[in-house]
Amino acid sequence: MSDRLYERIYDGRLERDDIERLLSLSEGELFRIADDLRRSSVGDVVTYVVNRNINFTNRCIGNCKFCAFREDNGYILSQKEILLKVERAEKLGITEICLQGGLIKGWGVDQYVGILDAIKSEYPEVHLHAFSPMEVLHAAKNSKLPVEEVLSRLKSAGLGSMPGTAAEILSDRVRAIICPGKLTSSEWIEVVMTAHRLGIPTTATMMFGHVETERERLEHIFTIKEIQDETGGFTEFVPLPFVGGNTELESYKNQLTTIDQIKVHALARIILHRSVRNIQASWVKLGPGTACMLLLHGVNDLGGTLIEENISRSAGSSFGEYMPPDVFDALIRSAGRIPKQRTTLYEILSA
């Protein structure tokens, strides 16, 4: 590695012009640097959140070719059913409810606000991490309102933060293949940056391991870096390996090796270490064993307990129901790290 690249990495001054040089680094160099930057950025603490995921509908007018969850005539949970799930989760000590669903025909901002109002009226202290940028844009179009007004109303109803899902790969070439008709890269960026301007933090994600190139993965990560350098609104970056069983893109499943997965997480740490402090491994997509391994390669967060996760399981994932705090603690300690429970916004809760 050249001294110039080494300095640019550690100073946090990497740019898109560095992509080819980053891709040419040996695995040993990548992994060593990623772990070193993890140590200097966040230390040896590994965090997780005690949360409940609620997929409130699988009915969807979208046509994402990587999705096995969508049903034309699927279920829609009533507010009463959603509240029952929240009640049960409260007894397990959750601090966050994560709400996401398909795109229901005709749903506007009133329907999404109604869900938040119902939960907040019964559980005012719970943090609501809800609705992807695609759901926000869907509500805006159906309500004939600007995205900013929709987000303002959601925030007033109790929205605490947003999942930065629906990003997939922020390349319109890729999106035309895997999710035609879904929001464009620029629309995803607009929704997220508007949320940040309104004081709504979001996560950032990247679904990789299908039709994209290695360069497109890194272009995506640099887009996240550039947004964060302007807004500071991302709480974490979550690479999501493609799980494609039972989908139109099934032929691409299982093409990622474990080394491929490690490299993506390591490169995320290297590019983002001065911008997005928290790099998360998705145990739902990767499995707890691989997620634990990634703690040695730049990762410092393992996500949430979830209790329920239907989207990955519909596409063939073997994981995703519930991982209790004591299992998180043991997994993290097995990697030589220090487990800590956190809030959605990365405040440490456990002693």
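Using the three backbone atoms N, Cα and C, a Cβ is placed for every residue, glycine included.
Over in TrEMBL, the protein carries these features:
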BINDING   Cys60, Cys64, Cys67  [4Fe-4S] cluster binding site
BINDING   Phe66, Glu168  S-adenosyl-L-methionine binding site
BINDING   Ser132, Ser282  (3R)-3-methyl-D-ornithine binding site
DOMAIN    46-274  domain 'Radical SAM core'
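Counting other C-beta atoms within 10 Å of each candidate's C-beta, the binding-site residues Cys60, Cys64 are led by Cys64. The shortest Cα-Cα distance between Cys64 ([4Fe-4S] cluster binding site) and any of the binding-site residues Ser132, Glu168, Ser282 is the one to Glu168. Spacing of Glu168 (S-adenosyl-L-methionine binding site) relative to Ser282 ((3R)-3-methyl-D-ornithine binding site) is 15 Å (Cα to Cα, whole number). Each residue in Gly62, Asn63, Phe66, Phe69, Arg70, Gly102, Cys179 lies on the same chain as Cys60, Cys64, Cys67 and has a C-beta within 8 Å of the C-beta centroid of that [4Fe-4S] cluster site, without being one of the site residues. Rounded to the nearest whole angstrom, the C-alpha distance between Ser132 ((3R)-3-methyl-D-ornithine binding site) and Cys60 ([4Fe-4S] cluster binding site) is 14. When averaged over the domain 'Radical SAM core' (46-274), pLDDT in the model lands at 96.
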